[in-house]
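Enquirer: Below: one structure in structure tokens.
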Amino acid sequence: MGCIMSQTDDAASRSKKIDRLLKEDQENANKTVKLLLLGAGESGKSTILKQMRIIHDVGYTKDERRVFRSVVFGNIILSLNAIIAAMEQLKIEYEKEEHRADARKVLAFGATGEEDEIPDELAALMKSVWSDEGIQKAVARSREYQLNDSAEYYLSQLDRICEADYIPTQDDVLRTRIKTTGIVETQFIFKDRLFVVFDVGGQRSERKKWIHCFEDVTALIFCVAMSEYDMVLMEDRKTNRMRESLKVFDSICNSKWFVETSIILFLNKKDLFEEKIKKSPLTYCFPEYTGHDNFDDGSAFIQKQFEIVNKRQGGQKEIYTQFTCATDTNNIRFVFDAVTDIVIRDNLRTCGLY
């Protein structure tokens, strides 16, 4: 009889332990927020991920920033090469013949995309070429060819960047351009929750890999480069970038994978958009647009174009839209704080705790 009682007590004890562990696992799961960061290529996703590391983690140490030297150098050289090539393509004349000769020498140096250093001779040539008025005209027409957003930022600071002891700043790191391939995962603690953020390659060739991130995602952040309404894709040089973003957002927003998932729309690069719309009309992408060529009218129109693709409107599925500047740490800090409250609230509602 005593043995039977002992076995019964052991079974009850094991059952309670299992129940407690299951409860703890559920509580931990409820405190984990998984964010999927999506968007077309060059929408600013990776920059936003870097901001999250700066804001919510330790940022980048001096040694880590030093590693980005080669990336900055590569971005600068490739950008200047693209501008020089565009001079001929756009039939823009150099202000001075000596600058044309220096441009040829810059091209002769070649570029791998990640240079270990910028030789003094190349630095002097680059500064000479960058000072040319014709080069500045080519930069102003960058929508007509492929040029990194960071090009002007870096090239205007060649004196600092070409110093022998140069170490990239946090801002320099934020503006580096490295194509995201595959899936990059970042984790940090914020508001007593573990955030796991997945950045997925944005170019067309990478999208087939997104499916592996879909399970159990708490929320989705979709990034759109507002300023690219008058530009074409790097992949095919024909498709309008804004139209491509709309197409991808439609497929994501209405996907069976995201029926219960909160969707946050980041209309990014608002600073570039505000300047560009003054000189490049929004009708380039949207012929039906009748508003003024200013930020307020243009941004409201773009927001509407994305929100109307939602086939689960009327309370079934809400899209939370934020206007962002991924290179502005204070802006991303403010926006992410607001977004986090939305995500936590929706997550609690899904768990039946709100």
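A Cβ is built for glycine as well, from the same backbone N, Cα and C atoms used for every other residue.
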Enquirer: In Swiss-Prot, one of 55-63, 64-72, 136-144, 172-180 is tagged region 'G2 motif'. Which stretch would that be?
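Expert: From Swiss-Prot, the annotated region 'G2 motif' range turns out to be 172-180.
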Enquirer: Three-state secondary structure of L174 (GTP binding site) from DSSP?
Expert: helix
Enquirer: Taking pairs 6 or more apart in sequence, does the count of Cβ pairs under 8 Å between the region 'G4 motif' (264-271) and the region 'G5 motif' (324-329) hit 3 or more?
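Expert: Stretch pair touches.
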Enquirer: Quick test of the contact rule: Cβ under 8 Å, at least six residues beyond the ends. What residues does that give for the region 'G5 motif' (324-329)?
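Expert: Distant Cβ neighbours of the region 'G5 motif' (324-329) are 44, 47-48, 51, 54-55, 170-171, 174-175, 223, 266-271, 335.
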Enquirer: Below 8 angstroms Cβ to Cβ, which residues of this chain, lying six or more residues outside the region 'G1 motif' (34-47), approach it?
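Expert: Counting only partners 6 or more residues beyond its ends, the region 'G1 motif' (34-47) has Cβ contacts under 8 Å with 149, 174-175, 177-180, 184, 195-204, 210, 213-214, 216-225, 228, 233-235, 241, 244-245, 248, 252, 266, 268-269, 324, 326-327, 343.
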Enquirer: Name the secondary structure element type, per DSSP in three states, that contains G39 (GTP binding site).
Expert: strand
Enquirer: From the DSSP assignment alone, can you count helix, strand and coil residues within the region 'G5 motif' (324-329)?
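Expert: Output for the region 'G5 motif' (324-329) reads 1 helix, 0 strand, 5 coil.
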Enquirer: Quiz question: given the binding-site residues L174, A326, which has the greatest number of C-beta atoms lying within 10 angstroms of its own C-beta?
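Expert: Result of the Cβ crowding comparison: A326.
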